[in-house]
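Report on the following structure.
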Amino acid sequence: MDMRVPAQLLGLLLLWFPGARCDIQMTQSPSSLSASVGDRVTITCRASQGIRNDLGWYQQKPGKAPKRLIYAASSLQSGVPSRFSGSGSGTEFTLTISSLQPEDFATYYCLQHNSYP
């Protein structure tokens, strides 16, 4: 079943987080995308400087609090389906959804935990 949705429903955020020592800019790509149920979806997050594996991936649906999917770059949060996976370290990170399900249509974003305001 082809279940196309507006790109903004699977939108991505470009986030910038000020750091205590210096500013770390997080850039996601693509900025938005359109996908169908069953598709393999890959989202990339790049840090302006190395953050080791201090990165989490989050899913947010309208009117709901963010849900953490991945912590420490590649560790699956308890209760999160195994179709979600994370990889990377240093400056480049990837979130992959191996087979997109209807409930996966949401906004996804990365958050670095290496440096805080």
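Each Cβ is built from the backbone N, Cα and C atoms, and glycine gets one as well.
Annotated disulfide bond per Swiss-Prot: CYS45-CYS110, in sequence order. The annotation domain 'Ig-like' is assigned in Swiss-Prot to 24-117. For 23-45, the entry in Swiss-Prot reads region 'Framework-1', with the evidence type similarity to another entry. Positions annotated as region 'Complementarity-determining-1' by Swiss-Prot, on the basis of similarity to another entry: 46-56. Swiss-Prot lists 57-71 with the feature region 'Framework-2', giving similarity to another entry as the kind of evidence. The region 'Complementarity-determining-2' annotation in Swiss-Prot covers 72-78 and is backed by similarity to another entry. Marked as region 'Framework-3' by Swiss-Prot: 79-110. Feature annotation from Swiss-Prot assigns region 'Complementarity-determining-3' to 111-117; the stated evidence is similarity to another entry. The signal peptide feature in Swiss-Prot is assigned to 1-22; the stated evidence is experimental evidence.
Secondary structure at CYS110 (disulfide bond), taken from DSSP and collapsed to helix, strand or coil, is strand.
CYS45 (disulfide bond) counts 26 other C-beta atoms within 10 Å of its own C-beta, drawing on all protein chains shown.
With respect to Cβ pairs under 8 Å, the region 'Framework-3' (79-110) is most closely packed against 23-45, considering the stretches 23-45, 46-56, 57-71.
Within the chain carrying the region 'Complementarity-determining-1' (46-56), a Cβ under 8 angstroms from the stretch's Cβ atoms is held by residues 22-29, 68-74, 86, 88-93, 110-115, all 6 or more beyond its ends.
For the region 'Complementarity-determining-1' (46-56), the model gives a mean pLDDT of 96. With helix defined as DSSP H, G or I and strand as E or B, the region 'Complementarity-determining-1' (46-56) counts 0 helix, 4 strand, 7 coil.
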